[in-house]
Amino acid sequence: MSSYPLQCSVSNSDGTLLFLVVKSTILAFKQQKGEFEQAGRWTDTLFETDSQQDGVKKLKSNKGEAVKKADSPAVGSAFSLQIRNLTLTPDESKLIACADSDKSVLVFEIDYNNPECLKLVKRQPFPKRPNAIAIGDDGDTIAIADKFGDVHQMSISGQVLASGEESQPILGHVSMLTDIIMAKDSAGHRFVITSDRDEHIKISHYPQCFIVDKWLFGHKQFISSMCCPSWNSSLLFSAGGDDSIYAWDWKKGTQLSQFNYSGLIKPYLTNAHLAAERFQNDEKDVIEYAVSKVVSSSNAHCVAFFVEATKCIVLLDVCPETGSLTLMEIIEFPSNVVSLSEANDEFIVTLDTHSSGNGRLVEFVTREADTGLFKVNIPKCQTFEKALAAALKNENQVGSNATDLYPLYNTISLKKHGEHYS
Amino acid sequence: MKTKPLSQDPGSKRYAYRVNKEENRKELKHVKIDENSVAQKNGKLDLPKKKFYRQRAHSNPFSDHQLDYPASPDEMDWSKLYPHFYDQETGKMAKQVTIADIGCGFGGLMVDLSPEFPDELILGMEIRVQVTNYVEDRIIALRSNHAKEEGYQNINVLRGNAMKFLPNFFHKGQLSKMFFCFPDPHFKQRKHKARIITNTLLSEYAYVLKEGGVVYTITDVEDLHHWMVKHLEEHPLFERLSESWENEDKCVSIMRNATEEGKKVERKRGDKFVACFRRVQTPEII
Ligand SMILES: C[S@@+](CC[C@H](N)C(=O)[O-])C[C@H]1O[C@@H](n2cnc3c(N)ncnc32)[C@H](O)[C@@H]1O
């Protein structure tokens with residue numbers, strides 16, 4: 001039987017520690033002398049006491065009118081509860097994650113020498129589900145962007161706040177937030193960059209978040225993902241429901257270039273990309289697709305992205321001076337890509353093997369020093385898969401059926417169809 | 001069987017009225033109304049009748065409406081809304097909008113502000129379609145009936161969700177006045193985020209307002225008044241204006257009496273709570 005796919009991953013910068021999520025469990029792996037071994041495991045037990053059924057009910061009662069959305073898998077709903085947004089602090093001493101169960105931010109201390117390397121040191125629930133998080137350059141501030149458009153901040157080291165004691169939001173949109181970045185310009189000024197389900201990217205000063213610096217206008221559809229490369233502090237890439245990846249000089253507020261991927265992605269689209277019945281035309285051939293994630297490479301001047309429910313990632317060359325984007329490579333896999341992350345010029349791709357019935361769950365795409373090209377690192381994938389298989393043997397595999405997989409493919413649900421005419 | 005609402009029943013009077021007005025609106029909405037164009041048609045245009053534009057009182061600001069808005073302020077074509085202020089030769093607008101009435105309802109405030117600020121462009125923003133149609137028809141009629149003195153050329157309305165899309169229409173520091181007259185109260189606690197003044201939205205209003213610009217608020221709901229005052233006072237970019245300033249400002253007295261909601265409150269002898277705030281200078285960035 002195929003295993004449930006790994007929903008997200010993060011690795012430390014030298015690639016020796018890797019964290020992955022399967023449903024409500026975080027798995028940690030250590031790499032030593034080319035071999036991987038499991039280094040820890042943490043399961044959110046709130047998921048077990050609050051069964052999924054209860055979780056959905058809870059969504060109903062405290063959201064009132066949003067009941068319909070919780071009932072039917074509509075707009076980015078938390079239909080199945082998960083752990084999301086794995087992020088390492090800049091000094092890599094802590095792992096941050098978000099739990100759907102109680103809409104909390106989790107802080108783990110990483111003890112590299114302990115066989116169970118993850119120690120939960122803080123669990124801070126929020127009134128609304130965190131959709132994206134970013135860590136400030138002080139390594140202690142986390143900015144949390146929620147489903148209802150607000151951004152809250154918390155301190156990793158501070159006390160847990162009781163419900164009702166929560167801080168005021170530091171900024172907000174009247175729209176679902178989809179991503180957040182804490183950035184710094186060359187003069188040392190700090191900013192918070194937020195993207196939403198409407199077409200907005202907003203740049204606010206930090207900590208003076210009440211001063212909006214600017215908006216970046218140009219997207220015609222929702223934005224799902226943004227990233228700033230470490231090798232150029234004024235560059236920003238963004239993508240979502242549009243046919244293009246956008247490159248910006250966010251400091252100047254100018255759009256530098258667009259890379260239209262609609263042609264190259266066509267061969268990878270399937271029936272899964274046909275629009276839902278209610279958005280179909282008479283010919284029943286309306287297709288809908290969106291970029292789920294865009295990430296930049298740490299050193300190489302390159303960004304990678306994938307389109308939801310396709311079996312490839314696309315790598316683009318970035319001209320660091322002009323920000324122009326050109327196709328570098330398309331890397332294909334046997335199954336749909338579920339998540340994409342990067343560390344030290346290596347892309348970590350997790351796959352939904354249900355879509356193909358076989359293959360590996362995780363692929364490492366590494367940059368070859370001599371050619372500068374990216375290739376699947378087969379030996380690494382194979383050694384890792386062994387360690388992963390051993391770790392997953394102990395995991396509860398119930399309910400990895402098709403409806404359970406739904407939340408893996410909900411980026412496109414952010415698309416607006418203008419449901420309200422009045 | 002469910003009966004259709006009157007507005008969709010082709011036999012109803014409201015339907016006929018709406019179709020007729022819509023044709024008129026399509027024809028006149030974006031044309032330059034001046035003495036010559038009016039002279040060709042005879043007679044005065046009747047002002048629209050509110051009863052034909054009824055619509056549910058509330059519109060959810062969070063929902064995903066079918067809205068038209070420019071991708072950015074640079075892409076907004078204002079010449080269609082204010083043709084008299086469009087310079088054919090340069091292809092540019094002689095003025096830009098500086099006064100905004102947020103949630104303008106039936107437009108009474110703009111109609112009274114128009115002659116007071118002949119050199120400024122005033123825009124009403126309203127989320128409800130039928131109410132926006134009413135204001136458009138009202139402005140068409142006013143412009144036609146005052147073509148000789150070129151009246152009411154400086155006001156217009158846009159259908160839009162001001163809580164989401166204000167920055168799509170206005171540049172940084174473009175506005176000098178923003179009016180929030182009798183905003184929807186959203187009484188229930190969990191609906192407070194739907195209120196049009198919140199600390200996070202105020203940062204966006206502060207962005208489109210120039211330094212020294214003014215936010216005007218008026219409501220008959222005391223609790224909402226305290227809410228708005230609290231949030232504006234807490235916001236570092238706003239500072240309350242004194243009662244004596246309010247008493248001297250002509251917009252305050254217009255705002256008390258001009259809007260449809262204000263008139264309703266007057267008839268019921270309800271209270272009206274006013275609060276005005278200045279957009280202060282942006283502090284040094286730290
Ligand atoms: C109670 S009425 C007041 C109308 C008018 N200002 C007056 O005083 O007569 C509030 C108006 O705000 C509009 N409105 C509410 N939310 C809005 C939004 N987000 N954007 C634009 N208009 C909005 C409503 O449709 C309604 O017409």
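For all residues, glycine too, the Cβ spot is worked out from N, Cα and C.
Taken from TrEMBL, the feature compositional bias 'Polar residues' covers B:1-10.
Taken from TrEMBL, the feature region 'Disordered' covers B:1-20.
Per TrEMBL, S-adenosyl-L-methionine binding site is recorded for B:Gly103, B:Glu126, B:Ile127, B:Asn161, B:Ala162, B:Cys181, B:Thr259, B:Glu260, B:Glu261. For the recorded site, B:Gly103 (S-adenosyl-L-methionine binding site), the DSSP three-state label reads coil. The number of other CB atoms found within 10 A of the CB of B:Gly103 (S-adenosyl-L-methionine binding site), across every protein chain shown, is 22.
Annotation source TrEMBL lists active site at B:Asp184. Under DSSP, B:Asp184 (active site) is assigned to coil, being neither helix nor strand in the three-state scheme.
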Once near-sequence residues are set aside, which residues in the chain of B:Glu261 (S-adenosyl-L-methionine binding site), 6 or more away, have Cβ atoms under 8 Å from its Cβ? B:Gly105, B:Cys181, B:Phe182, B:Asp220
Count the other Cβ atoms sitting within 10 Å of the Cβ of B:Asp184 (active site), across every protein chain shown. 18
Taking the Cα atoms as reference points, how far is B:Ala162 (S-adenosyl-L-methionine binding site) from B:Asp184 (active site) in Å? 13
Counting every protein chain shown, other Cβ atoms within 10 Å of the Cβ of B:Thr259 (S-adenosyl-L-methionine binding site) number 25
Three-state secondary structure, which DSSP defines for B:Ala162 (S-adenosyl-L-methionine binding site): helix
Whole-number Å value of the largest CA-CA distance among B:Gly103, B:Glu126, B:Ile127, B:Asn161, B:Ala162, B:Cys181, B:Thr259, B:Glu260, B:Glu261, listed as S-adenosyl-L-methionine-binding: 20
Integer Cα-Cα distance in angstrom, B:Ile127 (S-adenosyl-L-methionine binding site) to B:Asp184 (active site): 12
Taking just the CA atoms, what is the gap between B:Thr259 (S-adenosyl-L-methionine binding site) and B:Asp184 (active site) in Å? 14
Distance [Cα-Cα, Å, rounded] between B:Gly103 (S-adenosyl-L-methionine binding site) and B:Asp184 (active site): 9
